[in-house]
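Q: First the structure, which I've put down as C-alpha cells, then a few questions once you've had a look.
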Amino acid sequence: MKVKTRSKKVNKAWLDQHVNDPYVQRARKEGYRARAAYKLREIDEQLGLIRPGYTVVDLGATPGAWSQYLRRRMAAEGAIIALDILPMEPLEGVTCLHGDFRAPDVQQRLEQALAGRVVDVVVSDMAPNLSGIACADAARMADLVELAVAFSCRHLKPDGALLVKLFHGSGYSDLAALFKQTFLRVVPLKPKASRDKSSETFLLGRGLKKASPNGLDSRSGTAAEPAPLVPIGTNSMPANGD
C-alpha cells in the first residue's frame, strides 16, 4: 500500500510539473506537438543550424515537434524526411516513414525517400526504452548514435551537420570520441528547454573529416560557409538526472 501511495504522489508531482512547465504551455499556444521543439529551436537560433532550402532527416521524429519546427523554419523550401519506430500523425510538407531505424530494410526505405539527394543536416532525438540497467541502456543508446553517425557519413554533404540526443553518463565519453573522430567541429549542448534534472544532452558535429562520395558528387553549386559553432551557455553537463 505504501508503494502505491508513493507512486501516486510521484505521478501527481510529475503531472503538476508538466502542466505548469512554461515550455509545455508555450507549445500548446504555438501549436507544437511537444515542448521538444524549443530544444531544437534554441540550438538553431544559437548556431545557425537550419537554413531554407536544406534537406533534413529527422530520426526519432514522433510526435513530430522537431519536424514541425523544421518545416516552419524552412517555410515551403527544402525537404524534410521524418522517421520513427512509432507511428506519427502526418505533417504537411514532411515525408513521414514508419519503422525501426536499426533495421536494414528501413534504412533502405529512407535512402529511397532521399531519391539521390545529399543531406544538409541530420537531427536525431532517438532514444531506447530505458530498462533502468545503466550498462544495458548505455549500450542501446550507443547503438542508435553509432547508426546515426554511420548514416551521416554516407549521406551528409561535406560541410553538413549531425545533431544527436544522448544521456550524460555511462558511454558518453566514447560517443563524444566517436564524434571527434568523425567531424571537424564538435560541440556538446544542454539547451535551456532541456529539463535541469535530466541527464539528456546533445552533441553537434559539423564538417565530415572524410567527405563521402555522395556528398562530393551531388552538391549543387557552392555550399554556404557553415555558421560558427558557439556553445549554448556552458559545456558542463549534469552527470545524473531523469
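For all residues, glycine too, the Cβ spot is worked out from N, Cα and C.
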Q: Can you tell which of Asp84, Asp159 Swiss-Prot lists as binding S-adenosyl-L-methionine with Gly64, Trp66, Asp100, Asp125?
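A: For S-adenosyl-L-methionine, Swiss-Prot names Gly64, Trp66, Asp100, Asp125; of Asp84, Asp159, the listed one is Asp84.
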Q: Return the residues near Lys165 (active site, proton acceptor) by Cβ distance under 8 Å, restricted to its own chain and a separation of at least 6 in sequence.
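A: Listed in sequence order: Gly60, Ser124, Asp125, Met126, Ala127, Glu200, Thr201, Phe202.
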Q: For Asp100 (S-adenosyl-L-methionine binding site), what is the tally of other C-beta atoms lying within 10 angstroms of its C-beta?
A: 12
Q: Given that the record lists Gly64, Trp66, Asp84, Asp100, Asp125 as binding S-adenosyl-L-methionine, what is the largest C-alpha to C-alpha distance among them, in Å?
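A: This binding site's residues have a maximal Cα-Cα distance of 18 Å.
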Q: Do you know which of the binding-site residues Gly64, Trp66, Asp84 has the most other C-beta atoms within 10 angstroms of its C-beta?
A: Trp66
